[in-house]
Every structure is written in structure tokens, then in C-alpha cells.
Amino acid sequence: MYKRVLLKLSGEALSGEGGKGFSEKMLTYLVNEIQKIHSLNIKLGIVIGAGNIFRGKELKDFRIQMADQLGMLGTVINSLYLKNVFEKKGIKSIVVSPIVNLPSVMPLKYDFIEQYFEAGYIVLFGGGTSNPLFTTDTAAALRAIEMNADILVKATKVDGIYNKDPKLFEDAKKYDIITYEQAIKEQIKVMDTEAFSICEKNNLSILIINFFKEGNLLKAIEGENIGTKVNY
Ligand code: UDP
């Protein structure tokens, strides 16, 4: 069983696929799935995207370096939103981010993060990498390594990585395990190449799971063979 986990959620996990804002139904689902693992004494970090608010490249009238700042702020908004949702369910969490100075956002300090974990808090890492031109996949890879995670779980809506598009090819096969070398060579789109290469260099595996099948997150963390593991 994994003991230190970084979970990467897309902003759409809060709004529903293709949606904007926040969906009560999605939030309820998300909290229930997290609750299942929170009680297991796992040190859990979460990086959340901002696709439900802003994605830099979707803001056509902006220079990308400007648009991406809105995106990064969106990840802080989502982190604070989630903190409030968790709080209502009695789940302790804390938002850390290097990009804003707000009363409910703590600075990113490794020693403090360890203390938050020891005290049973989920740590919500907001603000992406702090740099425009990156995505929250890359932020997830960085934070996972910084918190010494033993796995990075990428929550997706697909069952894993296939050798070809399962929607187009009936004989498409899902990989249980794939190497970073193979994932980068085959230009697997499920996660950024930057994230793959940071994890590869630092000997951290990524587990791609279908987060929207109930119980999958718990199964993944208990070490059940679901999804696709990207190995170094
Ligand atoms: N972003 C950024 N730097 C980062 C992380 C995120 O500039 O290190 C911006 C970028 O505009 C991105 C947006 O924040 O589009 C939201 O992140 P992402 O697209 O990864 O969200 P997701 O698709 O996972 O919801």
C-alpha cells in the first residue's frame, strides 16, 4: 500500500467534463472518494488544475505569459474551494502556495509540509509551478518529488494508457505497465512530457487511473493492479 501519495486532479474534476465552475454532484463524488483514503493514515498531497476556471491557452486575446497567470490563480481558487468542501465533511486540509499571500494560504516550506502531514492534514498545493508556460501536470511531478511521495496518481477519465485509441480500435490493448522512455517516444498524451521526464529522473512512478469509477482511487492506493503504471 502506498503511504505518501500525490494526487493530480484536473479542474474538470470539480465542474464535470467540459464544464466551468463547480458542480455539487462532482464535489460530493470527489470528497467521498478522498474520504475513503483519508482514514487510512496516508500522507496525501493534491495538485488541482484550473480547467474549470481558466486554461491559459484558451484565452485567445491574451499573451500566453499573461493568460497563464490567470490559470495559476485559478488553481489557488480551486484549492481554497476544495479546502472549504473538505472542512464541511470534517476533513482537515491546508492550502500551500508560493504565488499568493492570503490569510488561508500558507507558504511552501518543506519543514512545515511535513508537520501538516504529521498532524493529519491533506496538503493542497496551489499555484502550479509558479511559472507561466507550464501546466499542473508538471507542478504535480515537482510537488510529488518535493513531498517524497511514493506514487503520483493522475486522476483521469480513461482506464489507462492504450497502444491505440480504444474509441477507434476495438483491438486496442491497455498497458498495465509502460516505461517513461516508451511513453515519451510514443508521445502518450495522458500527461505532459515534462512531467514524465521529471518523474523519470527522480525515480518516481505515475499511476494513471480512471478516477470516475467509484472506489478506483482506494484500489490504486491499496496497490491493486488498475490503470497503467508508468515506471522508470
Ligand atoms: N499554469 C501555469 N503554470 C503552471 C501551472 C498552470 O501557467 O505551472 C496555468 C496554465 O494557464 C494552465 C492553467 O494554469 O492552463 C491551469 O492548469 P492546467 O491546464 O494544468 O489545468 P487542468 O487542465 O489540469 O484543469
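Glycine too: its Cβ is placed from the backbone N, Cα and C atoms.
The domain 'Aspartate/glutamate/uridylate kinase' annotation in TrEMBL covers 3-210.
For Lys8, Leu9, Ser10, Gly11, Gly51, Arg55, Thr156, Tyr162, Asp165, the entry in TrEMBL reads ATP binding site. The secondary structure of Ser10 (ATP binding site), as reduced to three states from DSSP, is coil rather than helix or strand.
Sequence annotations record features per position, and here TrEMBL assigns region 'Involved in allosteric activation by GTP' to 16-21. Listed as Cβ neighbours of the region 'Involved in allosteric activation by GTP' (16-21) (distance under 8 Å, sequence separation of 6 or more from its ends, same chain) are residues 52-53, 157.
The UMP binding site annotation in TrEMBL covers Asp68, Thr129, Ser130, Asn131, Pro132, Leu133, Phe134, Thr135, Thr136. Neighbour count (other Cβ atoms within 10 Å of the Cβ, all protein chains): 30 for Thr136 (UMP binding site).
Close contacts with ligand 1, defined as a Cβ under 6 Å from any of its atoms, occur at Thr136 among the binding-site residues Lys8, Thr136, Thr156. Remark: Ser10 (ATP binding site) has Ile48, Gly49, Gly51, Thr136, Ala155, Thr156 as non-local neighbours, by Cβ distance under 8 Å and separation of at least 6 in sequence.
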